[in-house]
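Structure, as C-alpha coordinates:
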Amino acid sequence: EGGEEVVNEDGVDQYGLPANLRMDDYDDDGADYTLSSTSNVEVAETLAENSRADFKTDNDEMLVDDQGMAVTMADLEGEEADDNVIKPTDNILVTASTEEEYSVLEMYVYDSEAANLYVHHDITIPAFPLCLSWCGVAPHKAGSVGGSFVAVGTFDPVIEIWNLDVLDPIEPVATLGGEGASSKAVAAKLSKGKRAKRNREAHQDAVMSLAMNMHAPHILASGSADNTVKLWDVTTQAMTLTLTHHASKVQSLAWHNLEPTIIATAGFDRATCVVDVRAPGQNTIAMELTADAEDIAWDPIMGAYLYSSTDDGMVVLYDIRNTAQPVFRFRAHQGAASSVSPSTTRANMLVTSGVDKYVRVWDTRAIAEGATDTHEFTGTGLAMEKDMAAGQLFAMRLTEQSELLLGAAGSKGIPAIWDLEQEKAVLERFEAATPPAPVAVDNLNFVPAFTAPPPVPEGEEGTSSSSKKKKNKKKNKKKGKR
(Lines of atoms letter the chains of each structure in order from A and count residues from 1; the text may use other names and numbers.)
(Lines give C-alpha, C1' and ligand atoms only; values in the text may rest on other atoms or scores of the structure.)
Protein backbone atom coordinates (compact mmCIF):
# COMPACT_ATOMS: atom_id res chain seq x y z
CA GLU A 1 0.00 0.00 0.00
CA GLY A 2 1.15 3.59 -0.69
CA GLY A 3 3.64 2.26 -3.25
CA GLU A 4 5.75 0.55 -0.60
CA GLU A 5 7.24 -2.80 -1.34
CA VAL A 6 5.94 -5.74 0.70
CA VAL A 7 8.32 -8.65 1.14
CA ASN A 8 7.46 -11.82 3.06
CA GLU A 9 9.80 -13.90 5.19
CA ASP A 10 10.86 -15.94 2.14
CA GLY A 11 12.08 -12.82 0.34
CA VAL A 12 9.20 -12.80 -2.14
CA ASP A 13 7.38 -9.52 -2.82
CA GLN A 14 3.69 -8.85 -3.34
CA TYR A 15 4.05 -9.65 -7.06
CA GLY A 16 5.37 -13.15 -6.42
CA LEU A 17 8.95 -12.31 -7.44
CA PRO A 18 12.04 -13.37 -5.45
CA ALA A 19 14.40 -10.61 -4.29
CA ASN A 20 17.03 -11.21 -6.98
CA LEU A 21 14.49 -10.54 -9.74
CA ARG A 22 12.90 -7.36 -8.39
CA MET A 23 13.51 -4.41 -10.69
CA ASP A 24 12.96 -1.53 -8.25
CA ASP A 25 16.70 -1.06 -7.73
CA TYR A 26 17.62 -1.66 -11.35
CA ASP A 27 19.38 1.72 -11.76
CA ASP A 28 21.16 1.69 -8.39
CA ASP A 29 24.93 1.48 -8.55
CA GLY A 30 26.35 -1.78 -7.38
CA ALA A 31 23.16 -3.72 -8.02
CA ASP A 32 23.64 -7.43 -8.65
CA TYR A 33 22.09 -8.21 -12.00
CA THR A 34 22.89 -11.93 -11.93
CA LEU A 35 20.62 -14.72 -10.77
CA SER A 36 23.34 -15.72 -8.30
CA SER A 37 22.70 -19.32 -7.29
CA THR A 38 19.14 -19.37 -8.59
CA SER A 39 18.84 -21.08 -12.00
CA ASN A 40 16.22 -20.39 -14.63
CA VAL A 41 14.51 -23.68 -13.86
CA GLU A 42 14.35 -22.89 -10.17
CA VAL A 43 12.90 -19.44 -10.88
CA ALA A 44 10.29 -20.95 -13.13
CA GLU A 45 9.37 -23.45 -10.42
CA THR A 46 9.14 -20.65 -7.87
CA LEU A 47 6.84 -18.64 -10.09
CA ALA A 48 4.71 -21.69 -10.73
CA GLU A 49 4.41 -22.40 -7.02
CA ASN A 50 3.36 -18.82 -6.30
CA SER A 51 0.84 -18.98 -9.14
CA ARG A 52 -0.61 -22.17 -7.71
CA ALA A 53 -0.98 -20.49 -4.35
CA ASP A 54 -2.84 -17.60 -5.98
CA PHE A 55 -5.08 -19.63 -8.27
CA LYS A 56 -5.57 -22.98 -6.57
CA THR A 57 -8.89 -23.58 -4.85
CA ASP A 58 -10.53 -26.64 -3.41
CA ASN A 59 -12.77 -26.99 -6.48
CA ASP A 60 -10.28 -26.12 -9.24
CA GLU A 61 -7.77 -28.29 -11.05
CA MET A 62 -4.46 -26.50 -11.66
CA LEU A 63 -3.17 -26.27 -15.26
CA VAL A 64 -0.40 -24.32 -16.99
CA ASP A 65 -1.00 -22.88 -20.45
CA ASP A 66 1.45 -22.67 -23.39
CA GLN A 67 3.04 -19.50 -21.97
CA GLY A 68 3.61 -21.10 -18.58
CA MET A 69 0.82 -19.11 -16.93
CA ALA A 70 -1.28 -20.78 -14.29
CA VAL A 71 -4.94 -21.31 -15.19
CA THR A 72 -7.75 -23.40 -13.82
CA MET A 73 -10.20 -25.76 -15.50
CA ALA A 74 -12.86 -23.14 -14.88
CA ASP A 75 -10.80 -20.67 -16.94
CA LEU A 76 -10.63 -23.14 -19.82
CA GLU A 77 -14.26 -24.20 -20.01
CA GLY A 78 -15.57 -23.86 -23.53
CA GLU A 79 -12.07 -23.34 -24.92
CA GLU A 80 -9.67 -25.55 -26.82
CA ALA A 81 -8.40 -27.43 -23.78
CA ASP A 82 -11.89 -28.54 -22.87
CA ASP A 83 -12.60 -29.59 -26.46
CA ASN A 84 -9.57 -31.87 -26.40
CA VAL A 85 -10.95 -33.84 -23.46
CA ILE A 86 -12.95 -36.88 -24.59
CA LYS A 87 -15.51 -37.88 -22.00
CA PRO A 88 -16.75 -41.45 -21.40
CA THR A 89 -20.19 -40.39 -22.63
CA ASP A 90 -18.87 -38.97 -25.92
CA ASN A 91 -19.33 -40.82 -29.19
CA ILE A 92 -16.40 -40.92 -31.62
CA LEU A 93 -16.83 -40.85 -35.39
CA VAL A 94 -13.89 -41.14 -37.80
CA THR A 95 -14.34 -40.16 -41.45
CA ALA A 96 -12.12 -40.22 -44.52
CA SER A 97 -12.61 -37.70 -47.30
CA THR A 98 -10.91 -36.34 -50.40
CA GLU A 99 -11.24 -32.98 -52.12
CA GLU A 100 -9.20 -32.46 -55.26
CA GLU A 101 -5.80 -34.01 -54.36
CA TYR A 102 -6.15 -33.48 -50.60
CA SER A 103 -7.11 -36.49 -48.45
CA VAL A 104 -7.74 -36.33 -44.73
CA LEU A 105 -8.93 -38.38 -41.76
CA GLU A 106 -11.18 -36.45 -39.38
CA MET A 107 -12.00 -37.55 -35.86
CA TYR A 108 -15.34 -36.14 -34.71
CA VAL A 109 -16.72 -36.05 -31.19
CA TYR A 110 -20.47 -36.08 -30.65
CA ASP A 111 -21.78 -34.90 -27.28
CA SER A 112 -25.24 -36.47 -27.12
CA GLU A 113 -26.29 -34.39 -24.12
CA ALA A 114 -25.65 -31.13 -25.96
CA ALA A 115 -26.32 -32.60 -29.44
CA ASN A 116 -22.98 -31.10 -30.48
CA LEU A 117 -20.78 -32.55 -33.24
CA TYR A 118 -17.29 -31.11 -33.80
CA VAL A 119 -13.92 -32.07 -35.26
CA HIS A 120 -11.51 -33.07 -32.51
CA HIS A 121 -8.51 -33.29 -34.84
CA ASP A 122 -7.58 -34.36 -38.34
CA ILE A 123 -4.77 -36.29 -40.02
CA THR A 124 -3.55 -35.58 -43.53
CA ILE A 125 -2.88 -38.69 -45.61
CA PRO A 126 -1.28 -38.81 -49.08
CA ALA A 127 -3.35 -41.60 -50.65
CA PHE A 128 -7.02 -41.63 -51.68
CA PRO A 129 -8.92 -43.36 -48.79
CA LEU A 130 -11.44 -46.10 -49.52
CA CYS A 131 -12.22 -47.75 -46.18
CA LEU A 132 -11.58 -47.54 -42.43
CA SER A 133 -11.62 -49.86 -39.45
CA TRP A 134 -11.04 -48.98 -35.81
CA CYS A 135 -8.36 -51.02 -33.98
CA GLY A 136 -8.00 -51.28 -30.22
CA VAL A 137 -4.70 -53.17 -30.18
CA ALA A 138 -1.44 -51.38 -30.84
CA PRO A 139 1.22 -52.61 -33.23
CA HIS A 140 4.49 -53.42 -31.47
CA LYS A 141 6.02 -50.40 -33.13
CA ALA A 142 3.57 -48.17 -31.29
CA GLY A 143 5.22 -49.02 -27.98
CA SER A 144 2.00 -49.91 -26.12
CA VAL A 145 -0.55 -52.71 -25.90
CA GLY A 146 -3.70 -50.63 -26.15
CA GLY A 147 -5.06 -47.39 -27.42
CA SER A 148 -7.18 -46.05 -30.23
CA PHE A 149 -6.00 -46.69 -33.78
CA VAL A 150 -7.56 -46.64 -37.22
CA ALA A 151 -6.61 -48.85 -40.15
CA VAL A 152 -6.91 -47.12 -43.52
CA GLY A 153 -7.33 -48.81 -46.90
CA THR A 154 -6.48 -46.75 -49.99
CA PHE A 155 -5.66 -47.10 -53.67
CA ASP A 156 -2.20 -48.01 -52.39
CA PRO A 157 -2.15 -51.80 -51.73
CA VAL A 158 -0.63 -51.18 -48.29
CA ILE A 159 -2.80 -50.75 -45.18
CA GLU A 160 -1.73 -47.92 -42.87
CA ILE A 161 -2.46 -47.81 -39.15
CA TRP A 162 -2.68 -44.37 -37.54
CA ASN A 163 -2.71 -43.47 -33.86
CA LEU A 164 -5.87 -41.49 -33.07
CA ASP A 165 -4.52 -40.52 -29.64
CA VAL A 166 -1.86 -38.31 -31.26
CA LEU A 167 -3.10 -34.93 -32.43
CA ASP A 168 -0.57 -34.29 -35.22
CA PRO A 169 1.04 -37.58 -36.27
CA ILE A 170 3.63 -37.32 -39.01
CA GLU A 171 3.32 -40.88 -40.27
CA PRO A 172 1.43 -44.10 -39.40
CA VAL A 173 2.60 -46.22 -36.50
CA ALA A 174 2.64 -49.32 -38.71
CA THR A 175 1.86 -50.57 -42.21
CA LEU A 176 0.57 -53.94 -43.34
CA GLY A 177 2.04 -55.27 -46.57
CA GLY A 178 5.15 -53.15 -46.93
CA GLU A 179 6.07 -49.49 -46.99
CA GLY A 180 3.10 -47.15 -47.10
CA ALA A 181 2.72 -43.94 -49.03
CA SER A 182 2.78 -41.91 -45.80
CA SER A 183 6.21 -42.99 -44.60
CA LYS A 184 9.20 -40.68 -44.90
CA ALA A 185 11.25 -43.45 -46.48
CA VAL A 186 8.73 -43.93 -49.29
CA ALA A 187 8.48 -40.19 -49.88
CA ALA A 188 12.23 -40.03 -50.29
CA LYS A 189 12.21 -42.99 -52.69
CA LEU A 190 9.39 -41.62 -54.78
CA SER A 191 11.18 -38.29 -55.08
CA LYS A 192 14.12 -40.18 -56.60
CA GLY A 193 11.92 -42.19 -58.93
CA LYS A 194 12.28 -45.42 -56.92
CA ARG A 195 9.53 -47.82 -55.90
CA ALA A 196 8.35 -48.61 -52.41
CA LYS A 197 9.01 -52.06 -51.01
CA ARG A 198 6.09 -54.50 -51.09
CA ASN A 199 5.79 -57.83 -49.34
CA ARG A 200 4.92 -60.79 -51.52
CA GLU A 201 1.96 -61.47 -49.26
CA ALA A 202 0.59 -57.96 -49.71
CA HIS A 203 -2.42 -57.04 -51.82
CA GLN A 204 -1.70 -56.30 -55.46
CA ASP A 205 -4.42 -53.70 -55.89
CA ALA A 206 -6.50 -51.18 -53.92
CA VAL A 207 -7.76 -52.11 -50.45
CA MET A 208 -11.55 -51.69 -50.58
CA SER A 209 -12.74 -53.10 -47.23
CA LEU A 210 -11.47 -53.67 -43.70
CA ALA A 211 -12.92 -55.40 -40.63
CA MET A 212 -11.48 -55.97 -37.16
CA ASN A 213 -12.35 -59.17 -35.32
CA MET A 214 -14.02 -58.07 -32.09
CA HIS A 215 -13.22 -61.38 -30.37
CA ALA A 216 -9.58 -61.36 -31.45
CA PRO A 217 -8.89 -57.62 -31.84
CA HIS A 218 -5.36 -58.18 -33.10
CA ILE A 219 -6.79 -59.81 -36.26
CA LEU A 220 -7.71 -57.51 -39.15
CA ALA A 221 -9.34 -58.68 -42.38
CA SER A 222 -8.87 -56.80 -45.66
CA GLY A 223 -10.65 -57.14 -48.99
CA SER A 224 -9.08 -55.92 -52.19
CA ALA A 225 -9.63 -55.16 -55.86
CA ASP A 226 -7.22 -58.06 -56.49
CA ASN A 227 -10.18 -60.38 -55.62
CA THR A 228 -8.61 -61.64 -52.39
CA VAL A 229 -9.32 -61.42 -48.66
CA LYS A 230 -6.34 -61.39 -46.31
CA LEU A 231 -6.04 -61.76 -42.55
CA TRP A 232 -3.37 -59.79 -40.69
CA ASP A 233 -1.92 -59.88 -37.20
CA VAL A 234 -1.80 -56.19 -36.30
CA THR A 235 0.65 -56.68 -33.44
CA THR A 236 3.32 -58.22 -35.68
CA GLN A 237 2.17 -56.77 -39.03
CA ALA A 238 2.26 -60.30 -40.47
CA MET A 239 -0.19 -61.69 -43.02
CA THR A 240 -1.64 -64.96 -41.73
CA LEU A 241 -4.14 -66.15 -44.38
CA THR A 242 -5.27 -65.42 -47.93
CA LEU A 243 -8.78 -66.29 -49.17
CA THR A 244 -9.37 -66.54 -52.93
CA HIS A 245 -13.04 -67.56 -53.16
CA HIS A 246 -14.22 -64.39 -54.95
CA ALA A 247 -14.05 -63.91 -58.71
CA SER A 248 -14.03 -60.11 -58.58
CA LYS A 249 -13.32 -57.17 -56.28
CA VAL A 250 -14.11 -57.64 -52.58
CA GLN A 251 -16.30 -54.76 -51.50
CA SER A 252 -17.37 -55.58 -47.91
CA LEU A 253 -16.37 -57.71 -44.91
CA ALA A 254 -18.08 -58.56 -41.62
CA TRP A 255 -16.89 -60.82 -38.81
CA HIS A 256 -19.63 -62.70 -37.00
CA ASN A 257 -20.55 -61.00 -33.74
CA LEU A 258 -20.56 -64.28 -31.77
CA GLU A 259 -18.44 -66.82 -33.69
CA PRO A 260 -14.84 -65.53 -33.88
CA THR A 261 -13.79 -67.75 -36.81
CA ILE A 262 -16.71 -66.91 -39.12
CA ILE A 263 -16.39 -64.06 -41.62
CA ALA A 264 -18.79 -62.87 -44.32
CA THR A 265 -17.48 -61.37 -47.55
CA ALA A 266 -19.21 -59.74 -50.52
CA GLY A 267 -17.92 -58.62 -53.88
CA PHE A 268 -18.51 -57.41 -57.40
CA ASP A 269 -19.00 -61.03 -58.53
CA ARG A 270 -22.56 -60.61 -57.20
CA ALA A 271 -22.03 -63.05 -54.36
CA THR A 272 -22.03 -62.97 -50.57
CA CYS A 273 -19.95 -65.71 -48.96
CA VAL A 274 -19.49 -67.04 -45.44
CA VAL A 275 -16.15 -68.65 -44.58
CA ASP A 276 -14.84 -70.50 -41.55
CA VAL A 277 -11.21 -69.38 -41.49
CA ARG A 278 -10.15 -72.55 -39.64
CA ALA A 279 -10.69 -74.51 -42.87
CA PRO A 280 -11.19 -71.95 -45.66
CA GLY A 281 -10.75 -74.41 -48.50
CA GLN A 282 -13.59 -76.59 -47.28
CA ASN A 283 -15.97 -74.40 -45.31
CA THR A 284 -17.59 -71.86 -47.62
CA ILE A 285 -21.21 -70.80 -48.10
CA ALA A 286 -22.17 -68.82 -51.21
CA MET A 287 -25.32 -66.75 -51.70
CA GLU A 288 -26.33 -65.03 -54.92
CA LEU A 289 -26.97 -61.29 -55.17
CA THR A 290 -28.88 -59.37 -57.83
CA ALA A 291 -26.09 -56.83 -58.42
CA ASP A 292 -22.66 -55.75 -57.19
CA ALA A 293 -22.39 -55.84 -53.42
CA GLU A 294 -22.36 -52.60 -51.45
CA ASP A 295 -22.46 -53.66 -47.79
CA ILE A 296 -23.07 -56.66 -45.51
CA ALA A 297 -23.96 -56.96 -41.83
CA TRP A 298 -24.79 -59.77 -39.42
CA ASP A 299 -27.99 -59.50 -37.44
CA PRO A 300 -26.69 -59.23 -33.84
CA ILE A 301 -29.94 -60.58 -32.42
CA MET A 302 -30.71 -63.33 -34.93
CA GLY A 303 -27.19 -64.74 -35.14
CA ALA A 304 -27.67 -66.82 -38.31
CA TYR A 305 -29.13 -63.92 -40.32
CA LEU A 306 -26.92 -62.06 -42.78
CA TYR A 307 -28.01 -58.86 -44.57
CA SER A 308 -26.56 -57.69 -47.89
CA SER A 309 -27.23 -54.50 -49.83
CA THR A 310 -26.50 -54.06 -53.51
CA ASP A 311 -25.93 -51.51 -56.22
CA ASP A 312 -29.48 -51.83 -57.57
CA GLY A 313 -31.00 -50.62 -54.28
CA MET A 314 -31.99 -54.07 -53.05
CA VAL A 315 -31.54 -55.48 -49.55
CA VAL A 316 -31.54 -59.25 -49.11
CA LEU A 317 -31.63 -61.34 -45.93
CA TYR A 318 -30.24 -64.89 -45.87
CA ASP A 319 -30.43 -67.47 -43.11
CA ILE A 320 -27.02 -69.10 -43.50
CA ARG A 321 -28.41 -72.40 -42.15
CA ASN A 322 -30.54 -72.67 -45.29
CA THR A 323 -29.39 -70.63 -48.26
CA ALA A 324 -31.57 -72.23 -50.95
CA GLN A 325 -33.55 -68.99 -51.05
CA PRO A 326 -33.44 -65.73 -49.07
CA VAL A 327 -35.70 -64.99 -46.14
CA PHE A 328 -36.73 -61.87 -48.07
CA ARG A 329 -35.50 -59.41 -50.65
CA PHE A 330 -36.88 -55.91 -51.16
CA ARG A 331 -36.00 -52.58 -52.75
CA ALA A 332 -34.85 -50.16 -50.06
CA HIS A 333 -33.56 -47.22 -52.13
CA GLN A 334 -33.69 -45.57 -55.52
CA GLY A 335 -30.14 -46.17 -56.65
CA ALA A 336 -27.47 -48.02 -54.71
CA ALA A 337 -28.22 -49.11 -51.14
CA SER A 338 -24.81 -48.13 -49.76
CA SER A 339 -25.13 -49.37 -46.17
CA VAL A 340 -27.17 -51.76 -44.06
CA SER A 341 -27.14 -51.80 -40.24
CA PRO A 342 -29.43 -53.92 -38.03
CA SER A 343 -30.07 -52.74 -34.49
CA THR A 344 -28.04 -54.36 -31.73
CA THR A 345 -30.80 -54.01 -29.13
CA ARG A 346 -34.12 -53.69 -30.98
CA ALA A 347 -35.48 -56.84 -32.62
CA ASN A 348 -36.75 -56.59 -36.21
CA MET A 349 -35.25 -53.12 -36.67
CA LEU A 350 -33.11 -52.54 -39.77
CA VAL A 351 -31.54 -49.26 -40.90
CA THR A 352 -30.34 -48.62 -44.45
CA SER A 353 -28.83 -45.72 -46.39
CA GLY A 354 -28.50 -44.96 -50.08
CA VAL A 355 -27.27 -42.60 -52.74
CA ASP A 356 -30.82 -41.21 -52.84
CA LYS A 357 -29.68 -39.24 -49.75
CA TYR A 358 -32.06 -41.02 -47.34
CA VAL A 359 -31.58 -43.08 -44.20
CA ARG A 360 -34.54 -45.42 -43.70
CA VAL A 361 -35.70 -47.44 -40.69
CA TRP A 362 -37.47 -50.71 -41.54
CA ASP A 363 -39.66 -53.09 -39.57
CA THR A 364 -38.62 -56.46 -40.97
CA ARG A 365 -41.77 -58.12 -39.62
CA ALA A 366 -43.79 -56.25 -42.26
CA ILE A 367 -41.58 -57.27 -45.19
CA ALA A 368 -42.96 -60.16 -47.22
CA GLU A 369 -41.01 -63.39 -47.07
CA GLY A 370 -39.24 -64.78 -50.12
CA ALA A 371 -37.53 -63.17 -53.10
CA THR A 372 -39.30 -60.18 -54.55
CA ASP A 373 -39.66 -60.39 -58.32
CA THR A 374 -40.28 -56.69 -58.85
CA HIS A 375 -37.62 -54.06 -58.16
CA GLU A 376 -40.16 -51.32 -57.61
CA PHE A 377 -39.99 -49.34 -54.39
CA THR A 378 -43.17 -49.98 -52.40
CA GLY A 379 -42.18 -48.76 -48.94
CA THR A 380 -43.67 -51.82 -47.28
CA GLY A 381 -42.25 -52.09 -43.76
CA LEU A 382 -40.90 -48.52 -43.76
CA ALA A 383 -41.12 -47.10 -40.24
CA MET A 384 -39.28 -43.79 -40.73
CA GLU A 385 -37.03 -42.03 -43.21
CA LYS A 386 -34.89 -38.91 -43.18
CA ASP A 387 -32.94 -36.88 -45.68
CA MET A 388 -29.64 -36.49 -43.83
CA ALA A 389 -28.63 -33.34 -45.78
CA ALA A 390 -25.21 -34.91 -46.39
CA GLY A 391 -25.59 -35.52 -50.10
CA GLN A 392 -25.46 -38.99 -51.61
CA LEU A 393 -24.81 -41.28 -48.66
CA PHE A 394 -21.79 -43.56 -48.93
CA ALA A 395 -21.62 -44.91 -45.37
CA MET A 396 -23.87 -45.29 -42.33
CA ARG A 397 -23.71 -47.19 -39.05
CA LEU A 398 -25.58 -47.49 -35.78
CA THR A 399 -23.16 -46.85 -32.95
CA GLU A 400 -22.40 -49.61 -30.47
CA GLN A 401 -22.17 -47.25 -27.51
CA SER A 402 -25.66 -45.81 -27.84
CA GLU A 403 -28.28 -48.24 -29.07
CA LEU A 404 -30.23 -45.86 -31.32
CA LEU A 405 -27.66 -43.30 -32.44
CA LEU A 406 -26.43 -43.45 -36.02
CA GLY A 407 -23.89 -41.58 -38.11
CA ALA A 408 -23.89 -41.17 -41.88
CA ALA A 409 -21.57 -39.49 -44.37
CA GLY A 410 -21.83 -38.62 -48.02
CA SER A 411 -20.85 -36.55 -51.01
CA LYS A 412 -21.04 -33.20 -49.22
CA GLY A 413 -18.01 -34.16 -47.18
CA ILE A 414 -19.64 -33.75 -43.76
CA PRO A 415 -21.09 -36.38 -41.43
CA ALA A 416 -24.63 -36.27 -40.07
CA ILE A 417 -26.07 -37.67 -36.84
CA TRP A 418 -29.59 -39.02 -36.23
CA ASP A 419 -30.57 -39.79 -32.64
CA LEU A 420 -33.41 -42.29 -33.00
CA GLU A 421 -33.93 -42.28 -29.25
CA GLN A 422 -35.65 -38.95 -29.77
CA GLU A 423 -38.13 -40.52 -32.22
CA LYS A 424 -41.23 -41.65 -30.36
CA ALA A 425 -42.44 -43.74 -33.29
CA VAL A 426 -39.24 -45.82 -33.20
CA LEU A 427 -39.34 -46.40 -29.46
CA GLU A 428 -42.98 -47.48 -29.56
CA ARG A 429 -42.61 -49.75 -32.58
CA PHE A 430 -39.46 -51.65 -31.66
CA GLU A 431 -39.02 -53.38 -28.31
CA ALA A 432 -35.72 -54.12 -26.63
CA ALA A 433 -34.45 -57.65 -27.31
CA THR A 434 -32.38 -60.14 -25.33
CA PRO A 435 -28.92 -61.17 -26.59
CA PRO A 436 -28.89 -64.24 -28.86
CA ALA A 437 -27.29 -67.61 -28.27
CA PRO A 438 -24.11 -68.42 -30.24
CA VAL A 439 -24.57 -70.03 -33.63
CA ALA A 440 -23.58 -73.70 -33.77
CA VAL A 441 -20.91 -73.70 -36.47
CA ASP A 442 -21.24 -77.46 -37.02
CA ASN A 443 -24.84 -76.98 -38.13
CA LEU A 444 -24.03 -74.49 -40.86
CA ASN A 445 -24.52 -75.55 -44.46
CA PHE A 446 -20.89 -75.29 -45.54
CA VAL A 447 -20.05 -76.60 -49.00
CA PRO A 448 -16.67 -78.02 -50.06
CA ALA A 449 -16.32 -75.75 -53.07
CA PHE A 450 -17.64 -72.46 -54.35
CA THR A 451 -18.49 -71.59 -57.93
CA ALA A 452 -18.96 -67.86 -58.25
CA PRO A 453 -21.52 -66.38 -60.62
CA PRO A 454 -20.06 -65.31 -63.99
CA PRO A 455 -18.08 -62.10 -63.51
CA VAL A 456 -19.64 -58.90 -64.80
CA PRO A 457 -18.14 -57.80 -68.13
CA GLU A 458 -15.44 -55.19 -67.66
CA GLY A 459 -17.50 -52.59 -69.46
CA GLU A 460 -20.44 -53.07 -67.08
CA GLU A 461 -18.53 -53.55 -63.85
CA GLY A 462 -18.12 -50.43 -61.80
CA THR A 463 -21.66 -49.14 -62.06
CA SER A 464 -22.17 -49.30 -58.30
CA SER A 465 -21.80 -46.26 -56.09
CA SER A 466 -18.64 -47.78 -54.64
CA SER A 467 -17.06 -48.68 -57.94
CA LYS A 468 -17.83 -45.25 -59.36
CA LYS A 469 -15.80 -43.65 -56.60
CA LYS A 470 -13.04 -46.29 -56.72
CA LYS A 471 -12.58 -46.86 -60.44
CA ASN A 472 -10.28 -43.96 -61.25
CA LYS A 473 -8.40 -42.02 -58.61
CA LYS A 474 -7.65 -39.06 -60.83
CA LYS A 475 -11.15 -38.68 -62.25
CA ASN A 476 -12.95 -39.17 -58.98
CA LYS A 477 -12.52 -36.03 -56.90
CA LYS A 478 -15.86 -35.71 -55.19
CA LYS A 479 -15.65 -34.39 -51.68
CA GLY A 480 -16.64 -36.66 -48.83
CA LYS A 481 -15.68 -40.14 -50.07
CA ARG A 482 -16.24 -42.62 -47.27
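Backbone N, Cα and C define each Cβ position, glycine as well.
Here is what TrEMBL records for this protein:
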REPEAT    200-242  repeat 'WD'
REPEAT    330-365  repeat 'WD'
REGION    448-482  region 'Disordered'
COMPBIAS  467-482  compositional bias 'Basic residues'
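Secondary structure of the repeat 'WD' (200-242) per DSSP, as helix, strand and coil residue counts: 0 helix, 22 strand, 21 coil. For the repeat 'WD' (330-365), the number of residues in each DSSP class (helix H, G, I; strand E, B; coil) is 2 helix, 18 strand, 16 coil. Looking at the repeat 'WD' (330-365) alone, the prediction's average pLDDT is 94.
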